[in-house]
Amino acid sequence: SPHGPDPHQTASYSGGWSPLVSDRYQWLEVDLGERTKITAVATQGRYGSSDWLTSYLLMFSDTGHNWKQYRQEDSIGSFPGNSNADSVVQHKLQQPAIARFLRLIPLDWNPSGRIGLRLETYGCPYSKQLLFSKNHLDSAPDVVTLKFKTLRNSGTLLQAEGRDGLGFSLELERGKLLLTSASEPLRLASLGSLLDDQHWHHVAVERRSSHLNLTVDKHTERVQIPAEFSHWDVEQVAVQGFSSQKSLVSKRNFQGCLENLLYNGHNLIELAKNNDHQVTVGGNVTFSCAEPVSVAVTFTGPQSFLQLPGATASSSGGVSLGFQFRTWNKAGLLLTFDLPQQGGVVWLYLSEARLWLQIHKGGRALLELTAGAALNDGQWHSVEMNSKRGRLTVAVDKEEGGSAQASPLFPVAIESHLFFGGCPAEDTSHECRNPFNVFQGCMRLLTLDNQNMDLIMVQQKQLGNYSNLQIDMCGIIDRCSPSRCEHGGRCSQSWTVFHCNCSDSGYIGATCHSSVYEQSCEAYKHNGNTSGHFYIDVDGSGPIKPQLVYCNMTEENTWMVMQHNNTELTRLRPSPGVKQHLVHFDYSSREEQLSVAISQSEHCEQELSYHCRKSRLLNTPEGSPFSWWRGGPGSGRIQTYWGGAHPGSQQCSCGLQGDCVDPQHYCNCDADRMEWTEDSGLLTHKESLPVRSLVLGDVQRPGSEAAYRVGPLRCRGDKNFWNAAFFDKETSYLHFPTFHGELSADISFLFKTTASSGVFLENLGIKDFIRIELSSSTQVLFSFDVGNGPLEVLMESRDPLNDNRWHRVRAERNVKEASLRLDDLPVATQEAPTDGHFHLQLNSQLFIGGTASRQKGFRGCIRSLQLNGVTLDLEERAKITPGVQPGCPGHCSSYGSLCQNQGRCVERTNGFHCDCSLSAYTGVFCQTEVSVSFKPGSSVSYTFKEPYELSRNSSALPSSIYSDMTLRGENVSLSFRTNQSPALLLYVSSYYREHLALLINKNGEQDVRYKLDSSREAEVLRSKVRSLANGQLHTVTIRRLSDSVSVQVTKHSTIHIFSTFSLIVFVSPESGDLDPDLARLASLGFAGCLSVVQFNTISPLKAALLHPDTSPVVISGPLVQSNCGSAGSANPYAEENTHHLSGKRWTILKCLHFAGVIAVVIFVIVTGLAITARFLYRRKDTYRNQEVKGVKQDDSPDFPFNNQADSQNLSTENPKEYFI
């Protein structure tokens, strides 16, 4: 039947339905005569006209009241209509609707015509008594299904009990269905929401061996049940007032209607009707469903309001108002009216989810009351406002939610009209003023002076006025049920949108979809991280949770270390009556985390060792082993080989290598000797890892002793991170199966190219598509269409992206937004429609590096391509695809900057390596300082050999060699901390009395003394930085080229205290080898720390500490590396001075001493450091003929010793040894 606000204003023309007035208040209602299962609808325009609908809503009802809007894909409310009057547009309903009445509400129509419609529905009669098939009952021994409808939000719906009091119950709690264990109050699951809407809801409970399947409407949840239920049998089932055996009393019985109540195929309602002895009926039960008529109204948006007359026949100067509302919003105007005789205005509104009443007049508040809390929970809340005999009362939820009272000195009554929810947009009379937010939600049971307000008359324009309302329905949606927040994100909502709180979840994004953690230690390394504990998310956005592992990056390979509960060497002793010793290992990572980590690693290993004394291990391959272990997925499979051997060999490492202590056996322990021996090795067969348990059998004999150790699981190499393909033509591409990312999709990859454009990825559907492309040399474009038109997200970089360096792209599309990330730039987003969760429907192959049309293809490399956390194997597909090559070399251009402190980037097939041989630092990125704390007692001698076997007659050298061996400059750097002044830090000398000295004078200032001309006095360069002997870390850098030298001193402000280690430094030069003044200063010794010492390309501290066996060093006494050189926050003040020296080059560089006590006549043990020396040969007379340039020597009075030196005592015959 056609309807409108006024039935008399509706006309029906031949060729279809068309109302006289075309607006959104019209509808066409169809009565199907009985409840029908509706599966599809089809529309046409009115025949022979320009009248057709372009979009519409569908409503369903059992009674002709309390309509429910049908939504496709959870939230899409509108259906697209026609584009002309003749074509038929059919929509299959994703979930069939069961109803008697159908109502179609036009939203938009042909702008050149009017509303016009021909409608057809498809479906079949609905049966109330459906039975399960026998096959279904066999697979599920206990199955309960039912349908219910109710207006109450709480009550026990079903109880099932068995032996020993075991049972479970289904209860409505605040409109949600809870599954609880009856034996001990334990909530097992919660499903559904807003189930008190007086519409039918389907519930099914299926018990399997170890879990229950709970279904509410179209959502099913698998529920793990306690172990005691595994052999549980149902003895009785109780539903509201009747049960299968006897009544079970519930504290809160369900009030509402039930149908199709089936238990294991038995229709309990039919059995109850027929007075079957198996069913007991108790309480007030009728076999019909009498539904109360409750007309609700929905305030949908900013223009919504409801205006009603405020005076009734019973009005006597007071006011009595009542209504119920439900909303998700914290704020909004509920009701307003003017007081008589310009007495002011009354506002009843929500603020911070509390109810407020305010009476306002003349710009000030005359009265303010508040009651209730958390009223935005989506539940129905009642509000009562009464003003009588000078007393004003406001109550929420009949006193349960609180009330407030006042005694105003003025009458509170309604002058003319009531306005609910908001005010008219064009209110020329100024009867309605709303300084608050508009209300979005539902209202019902509106009463004025105890009389119900007829909202159906309002709908028919016979009472009051309204705008943008949905009458006779509550259109509230719970956007958090089921929650679209992934990975444990907490969902909250307002009327129009939901929000996910991802804090503490380890994920980010609008729906907590993308992991904040990397998928491997390898990925962390390439972000510039060093060794430490990291959270690893092995499947990215997948369901597996992050795990905490240790990433060892100290070696060339990066290791991921996963611990278990016993990695120590554990000793066993014979125990009476114990024939076997069983050990289980519990890992800190979960089963699925271990499995994926192992599978995506290139190599995994685990140490397995057995130390034995008269305790056999495997005996012989022909016999049953005494001991074995389980390894692999789950509880593991029995393995009879030992560490270092092959799977299935029943051997140990020595058996494989042929060096067992007894050649007749394949394990050392099988020799059964009284001496301690061991069988140890690494397990490397990934299918057998990790070790789950260990069974040791030969430990019960007298005299048997044994110890075992199972090390942590260690894996290296990330096959996914380096999985790459190179596309050398625009027409080349890889294809994969269709991408499935209907409601949530994320795509991430790395690329590098020299081309300015190209498509990275494309997947097409009939209308839908998804595509990521390099649209220009600085732009990446993410575009898709899910049926509501193309949407694009553009990301632009300031720097060119075709620089042949790796760039990372991360695109995500979910029900809230689409986002695009490029490298570390801020994310770009586009919001999705609030009322539209369209599924992405694709059907073509997924194209990588190109398109189906073979146009706009990508030329370059794509690496580590992941779709929803799953890596596509580009390399394997590239091996069989012309025009595409597996792998992609050349990583130093992207990651070389990670190598610090003169570290050199070395290319590898998968990745890179930092070569620190020319750096004074060590570590994975040459970032770890090498430091020593000096105290008496230790020494290091560093000897350098001459690069050529030179004769004493330097004039015989070829000129080319002579030129190359001339040292025209040096770069010297070191860090130090000390409380000593004066102190000698560094001393370099040549065979011809030239020298360089770095010292701290008595005032704590830095002095650098250069003497490159033996005929002149030393020149002193003094820093202006004071108080260097303050125990803080300072860095000195000296750079000289020819006669120009610069000295930079950096002062660090934060004091660090470290434990120190002893280092004894000594030299035994000839008595005339050292400048006497410096010798007297050096005799004071040095107490402090030296760090990262470097002279040109040589790092003597690093060589002595890290490579003492392969470097020309001799160490006496203990030499222990320290972290005393770790810097705090650096003071930005750094001074650099440049000077010109009176010499340009060294003659023969003899030795370089650091922080030493140097004896002039006798051998003395000292503290200090002698660093590297290069021996450069040059004729002495040539050097002396150089023109002298420089500044005047600084005879500093701060230097504590005489500057006069005895140049005649200098010897040139000392051996080329340098002492640290």
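Cβ atoms here come from the backbone N, Cα and C positions, even for glycine.
Just so you know, TrEMBL annotations never went through curation; they're auto-generated.
Per TrEMBL, compositional bias 'Polar residues' is recorded for 1201-1213.
Annotated disulfide bond per TrEMBL: Cys861-Cys888, in sequence order.
Taken from TrEMBL, the feature domain 'F5/8 type C' applies to 1-124.
The annotation domain 'Laminin G' is assigned in TrEMBL to 119-289 (among others).
The domain 'Laminin G' feature in TrEMBL is assigned to 295-474 (among others).
Among the features that TrEMBL reports, domain 'EGF-like' is placed at 476-513 (among others). Helix, strand and coil residue tallies for the domain 'EGF-like' (476-513), in that order: 0 helix, 12 strand, 26 coil [DSSP].
Summarising the annotation, TrEMBL assigns domain 'Fibrinogen C-terminal' to 512-564.
What TrEMBL records for 723-888 (among others) is domain 'Laminin G'.
On the 0 to 100 pLDDT scale, the model's mean across the domain 'EGF-like' (889-927) is 87. Under the heading domain 'EGF-like', TrEMBL lists 889-927 (among others).
Annotation source TrEMBL lists domain 'Laminin G' at 945-1124 (among others).
Positions annotated as region 'Disordered' by TrEMBL: 1188-1220.
Residues or ranges marked as transmembrane segment in TrEMBL: 1152-1177.
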In contact by Cβ distance (the domain 'F5/8 type C' (1-124), the domain 'Laminin G' (295-474); 3 or more pairs under 8 Å): yes
Neighbouring C-beta atoms (10 Å sphere around the C-beta of Cys888 (disulfide bond)): 24
Listed in sequence order, residues with CB under 8 A of Cys861 (disulfide bond) and six or more positions away: Ala724, Ala725, Phe726, Phe727, Phe751, Lys752, Thr753, Cys888
